[in-house]
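What TrEMBL annotates here:
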SIGNAL    1-23  signal peptide
DOMAIN    24-325  domain 'Plant heme peroxidase family profile'
DISULFID  Cys34-Cys114  disulfide bond
ACT_SITE  His65  active site, proton acceptor
BINDING   Asp66, Val69, Gly71, Asp73, Ser75, Glu87  Ca(2+) 1 binding site
DISULFID  Cys67-Cys72  disulfide bond
DISULFID  Cys120-Cys321  disulfide bond
BINDING   Pro162  substrate binding site
BINDING   His192  heme b binding site
BINDING   Thr193, Asp245, Asp253  Ca(2+) 2 binding site
DISULFID  Cys199-Cys231  disulfide bond
Amino acid sequence: MGLSIEMQLLLVLSLSLIPNFEAQLEVGFYSQRCSPAERIVKDAVRSAVSNDVGLAADLIHMYFHDCFVRGCDGSILIDSNSTNTAEKDFFANKISLRSFGVLDSAKSKLEDMCKGVVSCADILAFAARDAAEMVGGIGWDVPAGRRDGRISLASENLANLPAPTFTVPQLTQLFLSKGLTQEEMVTLSGAHTIGRSHCTSFSNRLFNFSSTSSQDPSLDPRYATQLKSKCPKGNTNTNLVVPMDPLSPTVLDNAYYKNILANRGLFTSDHALLSDPSTSSQVSEYAANVFLWRTKFGAAMVRMGQIGVLTGNAGEIRRNCRAVN
Ligand code: HEM
Ligand SMILES: *[C@@H]1O[C@H](CO)[C@@H](O)[C@H](O)[C@H]1NC(C)=O
Ligand SMILES: *[C@@H]1O[C@H](CO)[C@@H](O)[C@H](O)[C@H]1NC(C)=O
């Protein structure tokens, strides 16, 4: 039984009136307000990433941590001061995040051109996209109009970020609590095809099992041996890092899923996507179809970028990304 054209139109219209959280942000938000905004950010990211390709991973990582802790409000960029320990000084952030200067340089140019117009939260959202474009050729339109938060607490990280020892139900639960689906969780985890990890983030897989080798039996033994040679037992040196995808460490591609299928996922949480039947078929699908993953990744990054955003009169446009006004 077909609906009349009128009924179909009515349905489309009424569906488009249902408030959804995507409606708050807008692609091209700065085109009238500060037309060079997206280009200025892209230039800053291009020059930084061409000097140090690792910054691309860092920008994407930083965006994820910004969005999951108190929403995508640029709170990750705020510096600590005498009365407050900010998000960036949470241990795991402190040893890892390092592209603050890239965002500062974009922000200072934008303040010169369009004073008080472009939020730090949006600058980070654009920069993460530009980074993905540079190392993966994956681009997407970034809905913008985020405003900056005034609160940044290191103490809020632990409860809001996934741990590398999480199981699929734990990962799924956390992503659901942020408005993201289990499928999006699997899709976004593909970001682990670039960048690096500190030994401390996966040493639980190398030294804490009752087998003679002491390593996680679900980890490819040859890979485990390589990892042990780079990450000696008991070494807590926070400078020791390994690439998360040894095959193509600087390319944002679907190698993450291929590694997982080969029992070469680095974290317990990466391998869990294969061992849990509710996510394993998605891992195989993405390993086999890079185009599918790329498309889904861009869409999921847009959705992640909507988490807890401040719009309208909420928050502020920070003058300096490192401090509240
Ligand atoms: C699904 C749950 C996730 C867990 C448990 C997790 C965990 C981790 C851990 C432990 C590290 C290594 C940090 C270090 O030792 O320095 C890391 C790195 C990284 N993560 Fe995730 N992550 C998750 C999801 C995501 C998502 C959703 C993104 C982005 C969309 C992301 C992007 C990255 C990137 C790019 C790096 C490399 C950072 C660098 O090279 O400096 N991760 N992640
Ligand atoms: C410290 O930072 C917080 C927010 O990050 C801010 O509200 C507070 O005013 C700052 N305090 C000082 C002394 O600058
Ligand atoms: C080692 O394994 C035990 C038992 O599974 C666990 O309680 C402990 O937290 C683990 N330690 C590390 C460092 O992973």
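Cβ coordinates are placed from backbone N, Cα and C, and glycine is handled just like the others.
On a Cα basis, Cys34 (disulfide bond) lies 34 Å away from Thr193 (Ca(2+) 2 binding site).
Look at Cys114 (disulfide bond): DSSP puts it in coil. Spatially close to Cys114 (disulfide bond) yet at least six residues away along the chain are Tyr30, Arg33, Cys34, Pro36, Ala37, judged by Cβ distances under 8 angstroms. Taking the binding-site residues Gly71, Pro162 in turn, the residue surrounded by the fewest other Cβ atoms inside 10 Å of its Cβ turns out to be Pro162. Taking the centre of the Cβ atoms of Asp66, Val69, Gly71, Asp73, Ser75, Glu87 as the Ca(2+) 1 site, the nearby residues of that chain (Cβ within 8 Å, site residues left out) are His65, Cys67, Phe68, Arg70, Cys72, Gly74, Ile76, Gly149, Ser152, Gly308. Filtering Cys34, Cys67, Val69, Gly71, Ser75, Thr193 by Cβ distance to ligand 1 (under 6 A) retains none of these recorded positions. Between the recorded positions His65, His192, His192 has the most other Cβ atoms inside 10 Å of its own Cβ, all protein chains included.
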